[in-house]
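As written in TrEMBL, here are the features:
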DOMAIN    41-288  domain 'G-protein coupled receptors family 1 profile'
TRANSMEM  23-47  transmembrane segment
TRANSMEM  59-78  transmembrane segment
TRANSMEM  98-120  transmembrane segment
TRANSMEM  140-164  transmembrane segment
TRANSMEM  197-225  transmembrane segment
TRANSMEM  237-259  transmembrane segment
TRANSMEM  271-290  transmembrane segment
Amino acid sequence: MEHENSTGVMEFVLLGLSQTREIQLFLFVLFLIFYSVILPANILIILTIRGDPHLGSPMYFFLANLAFLDICYCSVTPPKMLADFFSCHKTISYGGCMAQIFFIHFLGAAEIFLLMGMAFDRYVAICHPLRYASMMSREVCCALVGAAWAGGFTHSILQVALIIRLPFCGPKELDNFFCDITQVIKLACTDVYVLEFFMFFSSGLSTVMCFLILLISYAVLLVRLRAGDPSKGTSKVASTCVTHVIIVFIMFSPAIYIYCHPFHSFFLDKVVAVFHTVVFPLMNPIIYTLRNKEIISAMKRLLGRHGNFIIHIE
């Protein structure tokens, strides 16, 4: 191997989702159809929220940022996964592997912090409705989003800083379709028991704690709404909270499964990884949109305006 770096390994071999050619082609078509439909839908959500003055509340501002984060997150591993379906020798360079790990943890942690910001927004809306406009000003919302990105970056850079110091001298096969940090550290030519414990606490237990905090927060808010005066507005806020809870379950369940057992591998790891990195992220904004009549109406207005404009040009 020419010009080997200090790790002794210049690339890792990805075993992928399947070794059977027919299954690989089927998965390629399946994921390609999924992306062709869901990815434009997420872009449409962002364009709708940015272009409609009726959707200027902090709730929709956070949703647009959530959709943008999910689009970025699903741009880290799926493009290479789709390309590898046509490759007989699936490899990723050492630098590319470290970059995948960095961006997966960067964007994933940023989304967790953003979900906590969205929970704070619902808390202010329900518990301090008269002060909502002042407490959730544009500056505060931008600060929360910026804090989410900064928190994700800090979390990710700590993970990569520890892994990049590990020596890799072989073997170099990863039984996955991307560089999963829990598998990469097992290939190091040194004892990584302490590092696995650190990963377990920094990624696994921290994710569980955030998950429990969000669930408890929304449970308290829903109980408070139930105890208040029933009205159309209250029902709408409660529906929004329920949607947030659904997104929290979708976002956190695979992450908890993956990062709370870093010491062992299970047969469902690949399946959960696909849902965690490919399917669920793009589905989060869609689920929110399907339960929100205001966004659907705004989308229809946006598509109607552009449709009439195209017809007028023709």
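Cβ from N, Cα, C; glycine included.
All TrEMBL annotations are machine predictions without curation.
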Folded-back contacts onto the transmembrane segment (140-164), same chain, C-beta under 8 angstroms, at least six residues removed: 58, 61-62, 65, 98, 101-103, 105-114, 116-117, 120-121, 181, 184-185, 195, 198-199, 202-203
Segment confidence, the domain 'G-protein coupled receptors family 1 profile' (41-288), expressed as mean pLDDT: 88
